[in-house]
Amino acid sequence: MNPRPLIGITMGDPVGIGPEIILTALAGTSVYEKCRPLVIGDPGVLGQAMAVAGYAPVIHMTDTPETGVYRPGTISMFSPAPPLSPVTWGEPTPETGGAMEAWITTAVDMAMAGAISAMVTCPINKEALKMAGSAFAGHTEMLAMRTGTNRYAMMLAGNRLRVVLVTIHTALQNVPGLLSVDAIADTILLTVESLKQRFGMNAPRVAVAGLNPHAGEGGLFGDEEARLITPAIEAARRKTEAAITGPWPPDTVFVKAAAGDFDAVVCMYHDQGLIPFKLLHFEDGVNTTLGLPIIRTSVDHGTAYDIAGTGRADCRSLTAAIDMAIDQAACLGKRPAA
């Protein structure tokens, strides 16, 4: 058995920075020393990005992950969609949107079949998905549907802060109506389970943020803390011995978490968690989907059309996502036999 896990890396939006950061992340030897990276995407687009990235490896096309060539200076690729190149950086089309979805579903199917240990995704463009007629708003929903998963959550993780979201992509005005005792408690428990199983923590410490200023200030600024969040915390505590505390005032809980007091913070809505997270981990943060039967990590940034094709893209988030996928594969014992 090859000791290095096989990691499928989807190219993401082919007219964004995905192709460039793949090239720069795979330049050198460090990634190859830890895993076998298989790029799922368009070889012509990757070739087009070589002039931008300043790195021109050999592209090895493979029909299966097992027959790839995994050594520095060579990038093994699998291409399940019609050729795209040449593309125009920063200009999505229905064809680029369709290719993105094909690459993602292929990686999911490979992971579900055990052909790869984990999948790592580069950023996609939701507008291009819509142009292609996709029914999905983004990665998380697509992965959940493809794997038949109803219970899932988004975690953003770095070495100083981890946040998990109860609600994800929805208008702020809709958040209070989407919160429930069951939804909050389930997110808390999923966070605890994932910290144990995928991050190797025996006794995780989870903080739960309030929704309102000062966590409601005893009902002066809202009743969601008393009506929903506190009962959810109590319900979660009945099902686990992990340390679950809260509801914490949102303006202070992240300070304590960044200081090492908590292993993760459960947040009520998207920007509550992502603003503090990106202040600390804008360059090296990782998005990982909890609850899936497969391992999926991702960069925590977008397609960056404004710098696509300029050679200025930073690959640190992708490198961190690859490292996290490797670590999760080790924790879960997911490794192809090849």
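One is the number of the first residue shown, and numbering goes on along the chain from there.
Positions of Cβ are set from backbone N, Cα and C atoms, glycine also.
Since this is a predicted model, take the numbers as computed values, not measurements.
Feature list (source: Swiss-Prot):
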BINDING   HIS139, THR140, LYS278, ASN287, ARG296  substrate binding site
BINDING   HIS169, HIS214, HIS270  divalent metal cation binding site
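Listed in sequence order, GLY285, ASP300 are the same-chain residues at least 6 apart in sequence whose CB falls under 8 Å from the CB of LYS278 (substrate binding site). Looking at HIS139 (substrate binding site) and HIS169 (divalent metal cation binding site), their Cα atoms lie 12 Å from each other. Local packing around the binding-site residues HIS139, HIS169, ARG296 was summarised as the count of other Cβ atoms within 10 Å of each Cβ; on this measure the leading residue is ARG296. Put plainly, the binding-site residues HIS214, HIS270 were compared by Cβ crowding within 10 Å, and the winner is HIS270. In the three-state DSSP scheme, THR140 (substrate binding site) falls into the helix class. For the pair HIS270 (divalent metal cation binding site) and ASN287 (substrate binding site), the Cα-Cα distance reads 13 Å. Taking only the Cα positions, the spacing between HIS214 (divalent metal cation binding site) and ARG296 (substrate binding site) is 34 angstrom. Here the C-alpha separation of ASN287 (substrate binding site) and HIS169 (divalent metal cation binding site) works out to 14 Å.
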